[in-house]
């Protein structure tokens, strides 16, 4: 690479660093709004976020960025990080610039009103309240797709925001296979005589004892409290301001043992990913998880594949019993099975490991049809209920339990849902490779040596940040294209054992 | 006022609002750094603050601001708020612009290094470590004063940053009178046979019980928890992001009852001031306390004049006894006197209400001499110790207990210290007027009706924000120029009664 290119790359990184600084401040203001802000300040703080976001937008779409992009047009021989940085810069710039700024502004206002309408509609369990807003959001998305363009399927353009390189064509295959696999397994489980108990999780557990135990567990898993902290919020989330400050939130239910613990482990998985991003990616725009799907693979890997495994509890259960006399008389086997009961249900966020993906696949199928005009906004409640009946055998008694349960559509996040199920699929495919690389991994988990798997994840996935596309990463790491087969195998093995199928 | 002026004023306010938004974000990042940041993030977060501060500087010194100033040059007939806004804008712009930007930058870097050197020097109690840095800071201040200019005394220019309209000429009078008054009173107290006990404050008090009681007290005084919150930090402080989010921090000592309580009441006084600022001052640059001295008058009024009064404890002591069995057998009279023991000491921040101002006056005399070249940096430890001996009759055994105890000089905040004693003086002068307006004010306090005095402070002081200069405000409110006489009277009356003089 010639010297001039090197200098220009440094200039780009300096410029991007400013943007990262600003975005970190926005992130902190956002975190504070969800964790600690006094209630009278909410409106004025929204204006602060509005102002800062506007500045961030200006920096990301400035003439300077255009100049950088033009400079590197046709330049070859850059290292992986630099070429990915430039490519990413260009992609973001073009996506943003293609939307006329007045339409973008109108959409932002609509999205915020639509969120409020959704909240009211959910509270009153009345889809009609939300319908006109959702219609406008869908119309906007259609208009935006016309600016962005698409190849085979309009929905591909939206998927690309969350999972670059994933398409409807691929997802139809992968999700189709997964759906059939889960539905078959579910049928067997429904016919099984084994009905694990989980009533011992529904006793009283003080907030303090849950908090201490959750912190003890995530620290063991590799979460670094010198580069993060745990607070409470209404909805648990992970947020990071660089790789040195990755914060988790959780919510404690004093009548349920599993809720806060597994949500903390889940968010811990996201957080460990971000904490592991190397410093050298600062100022490249690539110093973060590569996609929503890969991010969910890390959170769900820690939450389910590790956190709901027997090996994990062989190590942690004695500690849990010491701290929680509520488990007196409950054997490890009973405890483990209690954590893995399967029960088709209406609410995605409360679903078990097996049925969770079906909730997601239903949303995928609906979004795809909606964006391509195969169904209309007014059809949503009906289609929703039909699919829940067909795949899960359950019926919502009202819209709040059905089509209104998630907020994702209210601000137009179509294309996001598939990430959740992709996370499961990626995770099991990674697991398959891990077991080959470390045949003794479960034995190490039983000994409490979580550094062993953490190091593997860090070396194979985390250290790359967003340098490689998800499709390239899975190939690099596992040697294969993405496939649902390992996740289906994993589920079959796990539940066959638990339910004696 | 003509229409065109009105439109321009709106334009100025829009512009200033952006600056306020940015500064609120900076404030929040700063707060987080002192309250909750994980330690590995400190360095990178400093860069975020550096970036945002640079942007804030750009906005405050832009050509746009110059255009506003030029537009309103010679324009008359503006309302008080608008004319003060323009005057303030001009003053800030000119002060900043007069410093060559490379010198400003060098100074910022020096100040940050100097702070680190001061910390080390204080830890090792070795002034020699700090001396070369302090010398450079003083040299810079001298250079800056040459840019800013001065009338009669170089130190006036520095005072103006913290207490506009106060000068050395005035301070020499006021502080001279106060110093003599306190020294005389102190001599009488030293000769008094009364020695109130305060050992009952030095028992074990749990953090939780102190926290609950402190919150109970400041809420009663008028602090609004819907527009603020209390957290812990190494050094207590108040910070606000607008008038809807005014946060306090405190520090709990479990072997001392008074420390956290009175620091919370003190910060509560600052915070109530900021919470009372009217919304109409948003976007004017005047929506905050007018000066450091007036700010300290509010915090020290609540902490001392109210918080250490007998009426206050007539109301709160029964509640305190309920919560703290440690006060079993201690009468209200003993409790009250224990809160008001006088004991000349070495450390300003731990000084009692009487001797506190002497600590401040010593610093004022030293700063004034230093800035005017009457003493040199190398003389500081000697001069410091001489003055402590003379005014307070105490001798520091090392520099850490003496000249190195405060951080204010390390970043060049010369001119700040007088605010602390000015706060006492303003406060007593306000009190004198309050007693005329509300002869029953202490009876209302005994009944727990703190809204009564809060309303007076709000109507007379808080609601004006920074619209009027401190000298104008004190005249408007009390009808008199600033004078130490009321504070001296207040002290004499209080301690004569307590020490039976």
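Residue numbers in this text run from 1 along the chain shown.
Note that Cβ sites are derived from N, Cα and C of the backbone, with glycine treated the same way.
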From A:232, A:280, A:296, the one annotated by TrEMBL with A:266, A:270 for Zn(2+): A:296
Residue A:267 (active site, proton donor/acceptor) and residue A:296 (Zn(2+) binding site), Cα-Cα, nearest whole angstrom: 9
For residue A:270 (Zn(2+) binding site): intrachain residues, at least 6 apart, with Cβ closer than 8 Å: A:238, A:248, A:289, A:295, A:298, A:299
Residue A:266 (Zn(2+) binding site): tally of other CB atoms within 10 A of its CB: 24
Number of Cβ atoms other than its own within 10 Å, given for residue A:296 (Zn(2+) binding site): 28
Neighbour tally for residue A:267 (active site, proton donor/acceptor), based on other Cβ positions within 10 Å of its Cβ: 26
Cβ-centroid neighbours of Zn(2+) site A:266, A:270, A:296, 8 Å, sequence order: A:238, A:267, A:269, A:295, A:298, A:299, A:300, A:302, A:303, A:423
